[in-house]
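S.K.: As annotated in TrEMBL:
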TRANSMEM  104-126  transmembrane segment
TRANSMEM  146-164  transmembrane segment
TRANSMEM  220-241  transmembrane segment
TRANSMEM  352-377  transmembrane segment
TRANSMEM  398-418  transmembrane segment
TRANSMEM  448-466  transmembrane segment
TRANSMEM  472-493  transmembrane segment
TRANSMEM  514-537  transmembrane segment
TRANSMEM  543-564  transmembrane segment
Amino acid sequence: MAVVRNDTSEGARIEMEEMPQPNLGCNNIGYLDFGEEEEAGIQLDANENEGDLDANNEENFDPWALPRIQRCWAKLVSLRVTFPRAYLSTDLDRRGKIKRVATVFAKIVLLFVLLYFFICSLDFLSSAFRLLGGKAAGEAFASNKILSNPVAGLMIGILATVLVQSSSTTTSIVVSMVASDILPVKPAIPIVMGANVGTTVTNTIVSLAQLTERNEFRRAFAGAVVHDIFNWLSVLVLLPLEVITGYLRRLTGLIIRDLHLSEGKKTNQKLLKVVTEPLTKLIIQIDKKVITKIALGKTDGKDKSLIKNCKTEEISVSRVGEETNQTRNVTIITEKDTCSFLFEGTTMSDTAVGVILLVVAIFMLLGCLIFIVKILHSMLRSKLAKIIKKTINADFPGPFKFLTGYLAILVGAGMTMLLQSSSIFTSAITPLIGVGVMTLERAFPLTLGANIGTTATGILAALASSSNLDKALQIAFCHLFFNISGIILWYPIPHMRRVPIRFAKSMGNKSAEYRWFAVSYLILLFFIFPATVFGLSLAGWRVLLGVCLPFMLFLLFVIVVNILQRKAPHILPERLQDWEWLPEWLRSLEPFDCLVIKTKTKIKNCWEAVVLYFHR
């Protein structure tokens, strides 16, 4: 191996010619173990990135492995390594050590500040969606005839949660309706199942912020959709089981029967909101009672604005005039509830304010995410990254290894109870999955814990009910045991656990290859699909079964054939051993990708023509 070292003021450059070495089954390039390059003061050249390092080894490259450089033998082709002057000496002086510690501390503080504004942006996003679709969601809940159909109830739960951007709000409305005897427990169960599915839209949107980096987006999108897939798989099994046997209703009924319940007291657990509300309440305050009134069928809520209005009262007092010394009555308007904020008393409609908030929230969300990812990237170069990765992705030793995932479930549940939102927790870990700090296998049990933690809000809402506490608590327990049943079904057995993870990785690979696929998935799964199925369910069971049953059987057939093509193609007829005989648009996304590229090019050309025209 020929080594050439050129000393300059900037540092040193080392070039290593191609050197054949024995293949020890290592897929990554380099001799250094992860973390040792920082100890030696070595960094990869700024012109080389993760994709460049793996360009010579694409066949063996694992995009799901955490980005690191392992100690291994490989073929090295002109690998440039720079030695910054600050790291040429292994021993830093006092000033250097203070500077390094201060830099790390500043990055951590900035990370928490950005996380704070990130959570606030999610709150603004939720308020925007409530202003835009909150009344429509409330009106959907008001029709008991529609809600008696379990499929329609499921789709209403999904759409309502997507519109208000909060499963907690949806379940709280359902709990209020059950407590008021407007909605029985039986048709309310599919709605809370739908709320569980709809809440995953937020972290799916958050994953789109890493769209520019292919491998980061692959991991981030998979980390987001693994939550969707788990919830859908649970619904596909437990909804038919509930319709046929009433499993959740009977189980929670037995539990409630053995509890000695009394009238609920007002509960107001804010926890993290105590920190975020001082900022969010300065911008917008939503009157959630309006949506609940509409859902309960009260007519006085339909004409009211969702933007909170400060209550006032008129008080007549007697005053003595300074000049005439005569007593007179004066009416003074005083505020009973102070709610001063930016949009207080605005003449704009709820829709206009909602659009403004939506735009601000999206820009704020993207800005926070971009800077969070950049800071995480910079911290990944330090020894701290190695410690964090080892801690987050570590397993218990020896025979207790299988307990690690269950501890992660408890951590996810506890963090979600603290944050009072599963959307915030899952959205916060999505960038960590993208940059490679956390594996998908570790993130999966954390999201399962988030599902359990989010049920705490519904239970608190039920405990606050002044009437029918038993029914309100029963539907809240149905939400809890639905999530527990899903975990029991899909997590303890390793083969079952791999189903949502492998499905999520497949979706991540597809979205990394075709970036538009992620946006299409978001629109189809959370808007078009539930709206279409809801429309079919309104036409009656016969129409719904006539359309959906053949489609589901066909989809099941395709899935089974795809599995057999990979595992045992010899048992299939020769015709079905591959899909090459089908038109390309039926077996590949490539034609659609070409269409998207052509459309994008035309739009770009038109835009450039418009800009050129106005610049003349």
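From the backbone N, Cα and C atoms, a Cβ is placed for every residue, glycine too.
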S.K.: Have the transmembrane segment (104-126) and the transmembrane segment (352-377) got at least three CB pairs under 8 Å, pairs 6 or more apart in sequence?
M.R.: yes
S.K.: Under an 8 Å Cβ to Cβ limit, what residues of the same chain, 6 or more beyond the ends of the transmembrane segment (514-537), are close to it?
M.R.: 146, 149, 151-152, 155-156, 158-159, 162, 194, 198, 201, 204-205, 207-208, 211, 217, 221, 225, 228, 507, 543-544, 547-548, 589, 592-593, 596
S.K.: Between 220-241, 352-377, 472-493, who has the most Cβ pairs under 8 Å to the transmembrane segment (398-418)?
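M.R.: Most contacts with the transmembrane segment (398-418): 472-493.
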S.K.: Should anything in the same chain at least six residues away from the transmembrane segment (220-241) have a Cβ under 8 Å from its Cβ atoms, list it; otherwise answer none.
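M.R.: Residues packing against the transmembrane segment (220-241) from afar: 64, 150, 154, 190, 193-194, 196-197, 200, 203-204, 206-208, 210, 247-248, 426, 429-431, 433-434, 438, 440, 443-444, 447-448, 450-451, 482-483, 485-486, 489-490, 499-501, 503-505, 507-508, 511-512, 518, 521, 525.
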